[in-house]
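Heads up: the structure comes next, in structure tokens.
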């Protein structure tokens, strides 16, 4: 039996970073509350094959999926809002599309045809979208088109999606256009002209939006909605206002109050019983809005100027705080600078996130030393764990201990590149990526947090604790609390006689959800709360 999905395509206009990803994720959350199965796709119109080699300052965090793909951070939003694990193929890039088409041409699949944008590229885009829809078995497929309408890079994707609507039927595909309605304080009024022009640009591609979601700093009134409906040729009830919210998790509630779910259900003829029920989600949002007690976490990182570089860590801390019914305040501390001990002393806890390269390592090591000497709860993730091992070794007689990533000639290479990684020359998609199992040692902080002996966590690294120094480090007091099931790779470390000192080689933040806070983050914040008291 052929799987027939309904498609909701989300495009953006006027400005970039308008919140298309949160909008798409919020629509998905609303549809989930009807009892519908939903999956999501992010289209990134850049020529990179994936997000793995992109600069965090330009693109934000690289989100790693269970199956080991390095993807756009919007997939993290989708997973958190939909509470489901997405495949890496749900991130479609121009690079993937072109590579697939060129490989097919080289293998003779096109039988000598002149390979063109239309039909070959557009057919490949549609094929990728349908493949994801079929494999997921979802009733609704959300497709977010990255960038802004009018970008030259996005034109083949918009054409493919226009064709998709014709082929699937207008009752099975709808377009949601997210725009910005600026407020001019000098004139004291909102301006709809940018939205009108953006919609006109979209219509010039052959796509008429079914719904327009207007982002704004403040709520807009019904007369403005009528004006936009009139000039943009959509129904008045399909003009939706999404003003700035205090939390991204409020957006599904805002859109639901605008009857977005009801309109979508009617527009693409979804088979549902009853109304959307977001009561559980509203409870989560209420927990996220708690004002006190407050715990302070200092994140010592090298990309702190752009918070999106650590977006999953930030959200995981919020989820854990909501679980404990506390508020978390995050202090962003640049590891590039000499870490000020006075600043650190005001913190309830310290978190050292992942990263690559030598820049900022000295600052991270200073933070580890401060946490050890002052008994401050500290959580190290990926490179953060490696820094904890390095500083622990140095403080316990292994002078000059380091990672071979930073000092190939170190006398104590306590962190070294994994053996199988040493033969790899290409950078893209070649690390230890995706979900791997970790066996947890009983009687440890990790076991207390997880409450189980075997867990699956997502990884993204080339370097590991060097087994040649494992026995020596353990003799000095380092506890290996988690390893690969074969006991070969060290996954987690702790020490005794410290309130909370734990490092993990994996990225637990990728598994945290608003309704299911990650146990390590909950345990970490609980220790921070104890210190704050």
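Cβ coordinates are placed from backbone N, Cα and C, and glycine is handled just like the others.
Owing to the predicted nature of the structure, the values given are computational and were not obtained by experimental measurement.
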Worksheet item: Swiss-Prot records 151, 152, 153, 191, 192, 193, 194, 195, 196, 227 as CTP-binding residues. Which of 16, 17, 403 is assigned to the same site?
Response: 16
Item to complete: Select one of 72, 74, 83, 85: the residue that Swiss-Prot places in the ATP site alongside 17, 18, 19, 20, 21, 22.
Response: 74
Worksheet item: Swiss-Prot records 57, 383, 384, 385, 386, 405, 462 as L-glutamine-binding residues. Which of 28, 355, 360, 434 is assigned to the same site?
Response: 355
Worksheet item: In the structure shown, which of the binding-site residues 16, 195, 196 has the fewest other Cβ atoms within 10 Å?
Response: 16
Response to the item:
Checking the binding-site residues 21, 194, 355, 384 for other Cβ atoms within 10 Å of each Cβ, the smallest tally belongs to 194
Worksheet, complete the sentence: One residue among the binding-site residues 22, 152 has the fewest other C-beta atoms within 10 A of its C-beta, namely 152
Worksheet entry | Of the recorded positions listed as 17, 18, 507, 509, the one whose CA lies nearest the CA of residue 196 (UTP binding site) | 18
Practice prompt. Provide the number of Cβ atoms within 10 Å of the Cβ of residue 462 (L-glutamine binding site), excluding the reference atom itself.
Written response: 17
Response to the item:
Looking only at the domain 'Glutamine amidotransferase type-1' (303-533), mean pLDDT returns 93
Practice prompt. Output, ordered by sequence, the same-chain residues six or more apart from residue 74 (ATP binding site) with a CB under 8 Å from its CB, or 'none'.
Written response: 20, 21, 24, 25, 42, 63, 144, 146
Worksheet entry | For residue 193 (UTP binding site), the number of other Cβ atoms found within 10 Å of its own Cβ | 11
